[in-house]
Amino acid sequence: MVFGNEMCDETPHPGECKTLLIKHKPIRSTTQFLQVSVERTLDGAVKAKSDTYFLEPQFGSKQAWEECMDLYEQTIHRLNESVLCPKNVCSRSDVQAWLSTALTNLDTCQEEMSELGVSSHSLESITIDVINTLAINKRMEQNGKEFGISKITMKTLSIGEKVDVVVAQDGSGDYKTIQEAVNGAGERLKGSPRYVIHVKQGVYEEYVNVGIKSNNIMITGDGIGKTIITGDKSKGRGFSTYKSATFVAEGDGFVGRDITIRNTAGPENHQAVALRSNSDMSVFYRCSIEGYQDTLYVHSGRQFFRECDIYGTVDFIFGNAAAVLQNCRIFARNPPNGVNTITAQSRFNPNQTTGIVIHNSVVKGAPGVQLGGVKTYLGRPWRSYARTVVIGTYLDTLIEPNGWIDWDNVTALSTLYYGEYQNSGPGSGTENRVDWAGFHVISDIQEAREFTLPKFIDSASWLPPTKVPFTINL
């Protein structure tokens, strides 16, 4: 057990690490140490979910309780993937991404519980275990110890391939609603062929959920402004931010293209999500995502947005995914309080491989919107290790000279990472930017390359088969 003790001493919570491993046979290698840590963490997640099941009366909100139960299920799913990694020949970066997601799930649940005054020792315990396991895997990743190269292949639509089902409101397709088509696909394993749902032109007033067991689903429409999915759930109408989304993608390998997703609750109803994605290795291509506060919830996983339009006001690109927005147009609308914040990234552990990268895009006011008197910022830190980088992007006059704004969190100003690299436009000047320790005007090209697709979301292993165009360099 001496070897395990030494490894535990290098984790953020050594005492809990040693307690976790104390009943295990002697640890003889770093690989075995990681495997034991992940397995014990998985056991803890199963127990925490069971404990939370019996906490329903304390929640006082069935919606919040169901949200936590769902997040525990997703956490168990990600930890299972990590446990099976050696058998499936995946990479350390895969494991780090899945552990980052598990920790994000727990944080989302914790936030709901804190608002309701509910406490859970098992939630606190499993959070510490995931934090420790993240640190262990990060150390091994830095030392170059790999399980192998990912062999998961995402089979996808290319020109001329057959669409599986068609959705049409007039009855000319296989289904009249999108959710019926998703349900008709059934459970689909990772690595299964892409299941393609074509949604014909129309306004679909429904809430769509592509669940965690629905992997490799593609939903393709007839174009932005033609195939429209719309809803109006919001915080102001009694829904949590997490549950307010018009469209939810949870199954891995999701692809959405040529569709519009809207939340029409309006700025007076506060948080109102149009799209929430928890889908690892997900892609959105030529989509319009429209709302006001909290429009695009990049909750967790590795995500890529290409040639998308995103509309909003306050924190309208937010969450803790590893998300890259490339060749996108980001439109600020009129906010209710005179302040727009484009991003609110919520990385809260330095070992999480998460952040928001805006690359080769355009940030400007929405068409027809007058932003006189409105202050617009590139972002604010939702959590202490928030990470947002803007690269090669056109920033219009709406961006305030100081660029970024605080969230009443003085500590975060030194631990966050906000970066700008070779942007253009009247709002791109950095001479009057914030003087925080965590803000960087990036001058080193090697530092900037850390936020390219291959480095930041491990794109080489999964993005090319989607047939979506992308740029791998700066």
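Cβ coordinates are placed from backbone N, Cα and C, and glycine is handled just like the others.
Here is what Swiss-Prot records for this protein:
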type	residues	note
REGION	1-130	region 'Pectinesterase inhibitor 38'
CARBOHYD	Asn80	N-linked glycosylation site
REGION	164-461	region 'Pectinesterase 38'
BINDING	Thr241, Gln271, Arg380, Trp382	substrate binding site
SITE	Gln293	site 'Transition state stabilizer'
ACT_SITE	Asp294	active site, proton donor
DISULFID	Cys308-Cys328	disulfide bond
ACT_SITE	Asp315	active site, nucleophile
CARBOHYD	Asn351	N-linked glycosylation site
CARBOHYD	Asn409	N-linked glycosylation site
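Location within the structure of each feature annotated in Swiss-Prot.
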{"residue": "Asn80", "record": "N-linked glycosylation site", "DSSP (3 states)": "helix"}
{"residue": "Thr241", "record": "substrate binding site", "DSSP (3 states)": "coil"}
{"residue": "Gln271", "record": "substrate binding site", "DSSP (3 states)": "coil"}
{"residue": "Gln293", "record": "site 'Transition state stabilizer'", "DSSP (3 states)": "coil"}
{"residue": "Cys308", "record": "disulfide bond", "DSSP (3 states)": "coil"}
{"residue": "Asp315", "record": "active site, nucleophile", "DSSP (3 states)": "strand"}
{"residue": "Arg380", "record": "substrate binding site", "DSSP (3 states)": "coil"}
{"residue": "Asn409", "record": "N-linked glycosylation site", "DSSP (3 states)": "coil"}
Segment confidence, the region 'Pectinesterase 38' (164-461), expressed as mean pLDDT: 96
Residues near Trp382 (substrate binding site) in space but at least six apart in sequence (CB under 8 A): Asp315, Phe318, Ala344, Gln345, Ser346, Trp407
Distance [Cα-Cα, Å, rounded] between Gln271 (substrate binding site) and Asp294 (active site, proton donor): 5
Beyond the site residues Thr241, Gln271, Arg380, Trp382: chain residues whose C-beta lies within 8 Å of the centroid, for substrate: Gln293, Asp294, Val314, Asp315, Phe318, Ala344, Ser346
Counts of helix, strand and coil residues, the region 'Pectinesterase inhibitor 38' (1-130), according to DSSP: 104 helix, 0 strand, 26 coil
Densest Cβ neighbourhood among Thr241, Gln271, Gln293 (recorded positions), 10 Å radius: Gln293
Per DSSP, three-state class assigned to Asn351 (N-linked glycosylation site): coil
Neighbour tally for Asn351 (N-linked glycosylation site), based on other Cβ positions within 10 Å of its Cβ: 22
Cβ neighbour count within 10 Å of the residue listed as 'active site, proton donor': 27
Protein Cβ atoms within 10 Å of Cys308 (disulfide bond), excluding its own: 25
Candidate nearest Thr241 (substrate binding site) in space, where candidates are the recorded positions Gln293, Asp294, Asn351, Asn409 and distance is Cα-Cα: Asp294
Fewest other Cβ within 10 angstroms of its own Cβ, chosen from the recorded positions Asn80, Asp315, Cys328, Arg380: Asn80
Euclidean distance between Cα atoms of Arg380 (substrate binding site) and Gln293 (site 'Transition state stabilizer'), Å: 14
Cα-Cα distance linking Asn351 (N-linked glycosylation site) and Asn80 (N-linked glycosylation site), given in Å to the nearest integer: 20
Candidate nearest Cys308 (disulfide bond) in space, where candidates are the recorded positions Asp294, Asn351, Arg380, Asn409 and distance is Cα-Cα: Asp294
Greatest inter-residue Cα distance in Å for the substrate-binding set Thr241, Gln271, Arg380, Trp382: 18
